[in-house]
Amino acid sequence: MAPQTDAQGRFRLSEQNFDLVVLGGGSGGYAAALRAVQLGLTVALVEKDKLGGTCLHRGCIPTKALLHAAEVADNSRESAKFGVRSTFEGIDVPAVTKYRESIVASKFKGLQGLVKARGITVVEGEGRLVAANAVQVGDQRLVGKNVVLATGSYSRSLPGLEIGGRVITSEQALELDFVPQKVAVLGGGVIGVEFASVWKSFGAEVTIIEALPHLVPNEEEVISKHLERAFRKRGIDYKLGVRFQGVTQHDDGVVVTLENGETVEAELLLVAVGRGPVTQNLGYEEAGVTIDRGFVITDERLQTSVPGVYAVGDIVPGLQLAHRGFQQGIFVAEEIAGLNPIVVEDVNVPKVTYCEPEVASVGYTEARAAEKFGADKVSSYEYNLAGNGKSHILETSGIIKVVRVEDGPVVGVHMIGARVGELIGEAQLAVNWEAYPEDIAPLIHAHPTQNEALGEAFLKLAGKPLHAL
C-alpha cells in the first residue's frame, strides 16, 4: 500500500478497522485469530517473519523431526537383537536436514492455506502497539476493538556469555551441517536434554552442565532420577549442582570452566538456559501495559492492565509451551466473544520432553500436592514399566507415578519411558476432570499397550491391583 498524504502533502497513515488485531503469528497468535474468525469477528494478524513462529520453524516441529531421526539411528544400531539385519553407516546430515525442512514446509503451507481460507487479513512487517486499540505496521495503522499481544520468546543466555562462534543456541544447533564430535550443553532442562539426546544418537560425546541438583528439575524428583540413570546408561555425561563460570573459544573448540574449578572441553557449547519474552521496543509500556522482568502481566482472563488488550503465549509468565499458547489464544478469542471460557491453570497443562526416554507429566508433583492439600492427605503409586507387556516389547524401562488426594481425585501423573508422551492425553483428562481412581479403574485399557500401565496405576490406587502387589 502506497503512503498517503493530505492536502498539504504531509504523510499520513492508512487506517483499517477490525474487531481484533493480533500482534504475532506464532502458536498463540494464530490460534486466537483462527478462533476469532470462527466466532464471526474480523481479524488482522501481524507477523514480521513467518506464520507459525518459533514452534513451527525453529522449535517444536523441527526438533522433533531431529529426535525421530535419532530414534531411527538407534533402531538401526540395535536391530540385530530383534533379528533384523542392517548396517548403520552414520548420519547423512544433508538428508536429515532435507527431511526436517520438508516437514516444516508442509506444515507451513497448510497453515498459510488455513489462514487464507478463514479470511484473516495477514499483515507482514514489524508491528508496534501505538495506542490501547491500535498497532502500527510501517505506514499502516490497524485499529481493533480488542488487541492480542503474542510476540513470543527468544533464546536466553547468561550475563556475560555472548552467543557467537562455537557458542550457539538451539536455533543455530538446528542449522548445523555436521555432527559435532563432542558437545557441552549448558542447561539440563527440556531443550538441553532433547539436543543432548539427539547428538548422542548421532554419535557425539555429550556433557550436560546443570546448576540445579537434577536434570529436568521442574519434574517429579523420581522421574528426574530415572532420566539421569537412563542417560548414564546411554553414555551421556552430566554435571549437576555446578555453576557455569566462563568459556574460552579456540580454533578447534571451547573450554568451559565451572565455578568448582572443573573444565569441560568440547567442539561446541550449546546454551540452553531457557527463553525470554520478546516485549522490548514494541510500545507496550508506552501504551500502559504493565511489564515485569520483560513479561506482560495479565489477570486470570489474560487481560493486561489496559482494558481490551490481552496477551498470550511465551510473553505471559508461566509455562512456555506451544500448546499452552494455542489454548490461551482460543481462550482469549472466546473471552472477547463473550463465551466466558474455563480457565486452565498452568499446573494442569500437560508437558512432554522428547528425549530418549521421554518424560511426560501433568498436575501436581507429590511435594507440591502435599503443600497444597497437606502431607497426610496425599498418596501416590509408582507403576514400573517392567510389568507392562508393550514396554517389554519396546525394551523401554521407566515408571508411571500417579498422585491423588486421599479419598479424592487424581491431582498429578508423571511418566518416563519410550513414547509416554502419547499417554498424556488420558492423564490430563483425569487431572483436569478431577477424576477419582475409582472412576477410572473400571474402564478398559486395550492389551497389549503402554496405556495399560496407566490403567494398572489407577487400579492400584482404587484398591484392586491386577499385575501389581
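Every residue, even glycine, has its Cβ placed from backbone N, Cα and C.
Look at TrEMBL and you will find His447 tagged as active site, proton acceptor. The number of other Cβ atoms within 10 Å of the Cβ belonging to His447 (active site, proton acceptor), over all protein chains shown, comes to 11.
Here TrEMBL flags Lys64, Gly127, Thr151, Gly152, Ser153, Asp314 as FAD binding site. Annotation for Ser153 (FAD binding site): spatial neighbours Thr54, Arg275, Gly276, Pro277, Val278, Gly313, Asp314, Ile315, Gln320, criterion Cβ-Cβ under 8 Å with sequence separation of six or more.
According to TrEMBL, the feature NAD(+) binding site maps to Gly187, Gly188, Gly189, Val190, Ile191, Gly192, Val193, Glu194, Glu210, Gly274. Taking a C-beta cut-off of under 8 angstroms and a sequence separation of 6 or more, Ile191 (NAD(+) binding site) has the following same-chain neighbours: Ser170, Ala272, Gly274.
In the structure as shown, the Cβ atom of Cys60 (disulfide bond) sits within 10 Å of 18 other Cβ atoms. Feature annotation from TrEMBL assigns disulfide bond to Cys55-Cys60.
Per TrEMBL, domain 'FAD/NAD(P)-binding' is recorded for 18-329.
Secondary structure by DSSP for the domain 'Pyridine nucleotide-disulphide oxidoreductase dimerisation' (349-457): 44 helix, 31 strand, 34 coil. Annotation comment: TrEMBL describes 349-457 as domain 'Pyridine nucleotide-disulphide oxidoreductase dimerisation'.
Each residue in Val185, Ile208, Leu215, Val216, Ala272, Val273 lies on the same chain as Gly187, Gly188, Gly189, Val190, Ile191, Gly192, Val193, Glu194, Glu210, Gly274 and has a C-beta within 8 Å of the C-beta centroid of that NAD(+) site, without being one of the site residues.
For Thr151 (FAD binding site) paired with His447 (active site, proton acceptor), the C-alpha to C-alpha distance reads 45 Å. Of all the recorded positions listed here (Cys60, Gly187, Gly189, Val193), Cys60 has the Cα closest to the Cα of Gly127 (FAD binding site). If you measure from the Cα atom of His447 (active site, proton acceptor) to that of Glu210 (NAD(+) binding site), you get 39 Å. Neighbour counts of Cβ atoms within 10 Å were compared across the binding-site residues Gly187, Gly189; the minimum falls on Gly189. Candidate recorded positions: Cys55, Cys60, Gly152. Nearest to Gly189 (NAD(+) binding site) by Cα distance: Cys60. Computed over the domain 'Pyridine nucleotide-disulphide oxidoreductase dimerisation' (349-457), the whole-number mean pLDDT of the model equals 97.
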